[in-house]
Amino acid sequence: SVGFKAGVKEYKLTYYTPEYKTKDTDILAAFRVTPQPGVPPEEAGAAVAAESSTGTWTTVWTDGLTSLDRYKGRCYHIEPVPGEKDQYICYVAYPLDLFEEGSVTNMFTSIVGNVFGFKALRALRLEDLRVPPAYIKTFQGPPHGIQVERDKLNKYGRPLLGCTIKPKLGLSAKNYGRAVYECLRGGLDFTKDDENVNSQPFMRWRDRFLFCAEAIFKVQAETGEIKGHYLNATAGTCEEMIKRAVFARELGAPIVMHDYLTGGFTANTSLAHYCRDNGLLLHIHRAMHAVIDRQKNHGIHFRVLAKALRMSGGDHIHSGTVVGKLEGERDITLGFVDLLRDDFIEKDRSRGIYFTQDWVSLPGVLPVASGGIHVWHMPALTEIFGDDSVLQFGGGTLGHPWGNAPGAVANRVALEACVKARNEGRDLASEGNVIIREAAKWSLELSAACEVWKEIRFNFEAVDTLH
């Protein structure tokens, strides 16, 4: 009817459009929807589309002042989740004009800002996003990317090795710098500030930066290799964060670090722009991610947070290990590792990838495997992650019975042995233990490490499975 008719009407009349053909410029989202009892899936899917785009709970006369057809989100397909009762994957298409260019913050505010508290839904999870090339082209993306990083570091043909300095809190700046020196001197490429090391009473940031820089330059002079320490620039304000990054650059440090979820996407994108303009690499830690991504029926899957990070900007990001102490199922993890590194990723539901994603030459991000890993895991990690990755052993370096430098030596020897074996055509999956044992004959440090960690297992069922 012509004219405005007040009242509440069902969302599905406006926002459920199964006949809709998606456009190349649409942002597509796959939501796992669990409706309240009695709410049909079409209504639930339409409600998600409405509340995350143009809709509100009642008809408003100002709807007549705009073109809803041009701006509304549309739920265009619904399928039940196999093996789950009352769960559906609802596909929603959003017109590109709903989003500010170059703002991950605005994209998330729109798509996941309000709708997760919606009463008609028992639970809601954003499983995947297809970001169109037209939108990706408005982002700078990673400050440098994988190839530029290798060229800066002059390291090719193998994964990079890192180590988080432990104990994570409580060391003085000088002792912290000493631990950094020992690890890098033993053969690691990087050491890392823990995510919660910012600027506390026992170690202020400026002191830490100075002692770590001293360690880096001393080791570079002694080894002839380029080294780095991820200096955590995360701070309480964006201004303070940039101030720390500026100081790192003035010291000549090669890389800084940011906690992108606790720091926020706006801060992260600002830092990424600074890093590109000033030749700093940017390491990203995902502290707080499990709050958002761990429940399999509610929240946001990490593959979406990973895509968002590639748009916002970062050169490394933590991505689970598949084999250590933290969550990560193999196929799903490899799915978002590809989304981080590759330029074009085909839809593949067996790996949790709901949409084909074209990154149109946005630089790639190195996945970082970290958490409960040690020398016995090296063959599996080398095989699973390949060359373009960073393998980080915190306790697996510093827990060595002879100290930090021998711990670093053990890891470097194990890695070189695995890469050499792989290049000779050996199968790391079946021969991994043999390869490590052979290498241990030539390295007392590796032999001691093998002995310490031969019994360690973190065996729990994965929480995040596909069904």
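Each residue's number is its place along the chain shown, starting with 1.
The backbone N, Cα and C atoms fix where each Cβ goes, and this holds for glycine too.
In three-state terms derived from DSSP, LYS166 (active site, proton acceptor) belongs to neither a helical nor a strand segment and is classed as coil. The C-beta environment of LYS166 (active site, proton acceptor), restricted to residues of the same chain at least 6 apart in sequence and closer than 8 Å, consists of ASP194, GLY394, GLY395, LEU398. According to Swiss-Prot, the active site, proton acceptor annotation covers LYS166 (among others).
If you look up Swiss-Prot, you'll see HIS285 (among others) marked as active site, proton acceptor, on the strength of sequence analysis. When Cβ atoms from all protein chains are considered, those within 10 Å of HIS285 (active site, proton acceptor) total 28, not counting its own.
Annotation source Swiss-Prot lists substrate binding site at ASN114, THR164, LYS168, ARG286, HIS318, SER370. Within 10 Å of the C-beta of ARG286 (substrate binding site) we count 23 further C-beta atoms, all protein chains included. A coil conformation is recorded for ARG286 (substrate binding site) in the three-state DSSP classification, outside any helix or strand.
Under the three-state DSSP scheme, ASP194 (Mg(2+) binding site) falls in the coil class. Taking the Cβ of ASP194 (Mg(2+) binding site) as centre and 10 Å as the limit, one finds 18 other Cβ atoms among all the protein chains shown. Marked as Mg(2+) binding site by Swiss-Prot on the basis of sequence analysis: LYS192, ASP194, GLU195.
Residues annotated as N6,N6,N6-trimethyllysine in Swiss-Prot, with sequence analysis given as evidence: LYS5. According to DSSP, LYS5 (N6,N6,N6-trimethyllysine) is assigned to coil rather than to any helix or strand.
Within 10 Å of the C-beta of LYS192 (Mg(2+) binding site) there are 28 other C-beta atoms, taking all protein chains into account. Annotated N6-carboxylysine per Swiss-Prot: LYS192, in sequence order, evidence recorded as sequence analysis.
Taken from Swiss-Prot, the feature site 'Transition state stabilizer' applies to LYS325, supported by sequence analysis.
In this view, SER370 (substrate binding site) is surrounded by 25 other Cβ atoms within 10 Å of its Cβ, with every protein chain counted. Note on the binding-site residues ASN114, THR164: the fewest other CB atoms within 10 A surround the CB of ASN114.
Comparing the recorded positions LYS5, LYS168, HIS318 by how many other C-beta atoms lie within 10 angstroms of each C-beta, the top residue is HIS318.
According to DSSP, ASN114 (substrate binding site) is assigned to coil rather than to any helix or strand. Nearest by CA distance to HIS318 (substrate binding site), out of the recorded positions LYS5, LYS192, GLU195, HIS285, is HIS285.
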